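Please read the structure below before turning to the comments.
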Amino acid sequence: MIRVLLANPRGFCAGVDRAIEIVERALAMYGAPIYVRHEVVHNRFVVEDLEKKGAVFVENLEEVPEGSMLIFSAHGVSHEVRREAAARKLQIFDATCPLVTKVHVEVAKMDKEGKEIVMIGHQGHPEVEGTMGQIAKSKGTMYLVETAEDVARLQVKNESNLAYVTQTTLSVDDAARVIEALKQRFPKIIGPKKDDICYATQNRQDAVKKLVKLCDLVVVVGSPNSSNSNRLCEVARNENVEAYMVDQAEQLQESWLTNKRCIGITAGASAPEILVQQVLERLEQIAAKQSNQGVIIEELSGVLESVTFPLPKAEPVSFNKYI
């Protein structure tokens, strides 16, 4: 028998639930098409399902007809994007995760205090672009670092006037190392009162650390562009456990299961539970084909998540203040 352990918690977080519900509610109330800037969450299954219902995903606002309804993704947007939306007279539902908005508020406060700000995050990630875009380049100074090596190379104007924030979906351990490097190099740097890495990211990484003590293979259900899903793979590999990420059950390779006795399954914060169930079905098929083995599925205990975020008002808003 092959033992399969399900990480707990796994899958959707409160911010993802909220973002998807905002799109579905807008479609129900106003009908298709509803435009969404960027994938509302980084999961192909979710995006394709919403497209079938009438959502249209765009990267550039030029693709959105003037006066149309637009939803900002859970990753947040820069002030420049908000200005462009206002100029095009777009009606906005903002699906930015409240925990990302918290970081935006921190950046605005630090900038108002005249701080130079260091952001710890991944170059090119939409959350990073949105957060970096909370201050005007002509007025404030913001730097991006990803590793301790980046910190060693960082050149700032005033070492005594620094603050830092982080992307919400980083590896907790990696972020801690970068923060320590910042504090070692810039002893007067200050950080947020509460960690920026979100509760769901922390909980899912902790659950994988529990899995790797019991399993010889970890499968992460998530899309390649999902930061938090990639970090779950990294957590397992950092513990010298074989780990793979799959966007759909068909990507699960038979060779991965060879000589494996215990397999751990988890899912990124943007991956729905239906994909986990499909992966389990695929595992059972492979196990039966390889050696007529059965599969014993167990759910591990874990942190109970009760966080919920309220939806925005049912009416879209205009960001005229950004014009």
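Cβ atoms here come from the backbone N, Cα and C positions, even for glycine.
Sequence annotations record features per position, and here Swiss-Prot assigns [4Fe-4S] cluster binding site to C13, C97, C198. Residues annotated as dimethylallyl diphosphate binding site in Swiss-Prot, with sequence analysis given as evidence: H42, H75, H125, S226, S227, N228, S270. Among the features that Swiss-Prot reports, isopentenyl diphosphate binding site is placed at H42, H75, H125, S226, S227, N228, S270, with the record citing sequence analysis. Per Swiss-Prot, (2E)-4-hydroxy-3-methylbut-2-enyl diphosphate binding site is recorded for H42, H75, H125, T168, S226, S227, N228, S270. According to Swiss-Prot, the active site, proton donor annotation covers E127.
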> Does anything in the same chain, at least 6 positions from C13 ([4Fe-4S] cluster binding site), have a Cβ under 8 Å from its Cβ, and if so what?
Replying inline: C198, Y199, A200, A269, E305, V307
> Given the binding-site residues S227, N228, which one has the fewest other C-beta atoms within 10 angstroms of its C-beta?
Replying inline: S227
>> To the nearest Å, how far is the Cα of H42 (dimethylallyl diphosphate binding site) from the Cα of C97 ([4Fe-4S] cluster binding site)?
In response: 13
> With every protein chain in view, how many other Cβ atoms are within 10 Å of the Cβ of S270 (dimethylallyl diphosphate binding site)?
Replying inline: 32
> Between H75 (dimethylallyl diphosphate binding site) and T168 ((2E)-4-hydroxy-3-methylbut-2-enyl diphosphate binding site), what is the CA-CA distance rounded to a whole number of Å?
Replying inline: 10
> List, in sequence order, the same-chain residues at least six positions removed whose CB sits under 8 Å from that of H125 (dimethylallyl diphosphate binding site)?
Replying inline: H75, Q167, S227
> Tell me, by DSSP, whether E127 (active site, proton donor) is helix, strand or coil?
Replying inline: helix
> Other residues with Cβ within 8 Å of the Cβ centroid of H42, H75, H125, T168, S226, S227, N228, S270 at the (2E)-4-hydroxy-3-methylbut-2-enyl diphosphate site?
Replying inline: V41, E127, T169, N225, S229, G268, A269
>> Is it possible to get the count of other C-beta atoms within 10 angstroms of the C-beta of H75 (dimethylallyl diphosphate binding site)?
In response: 28
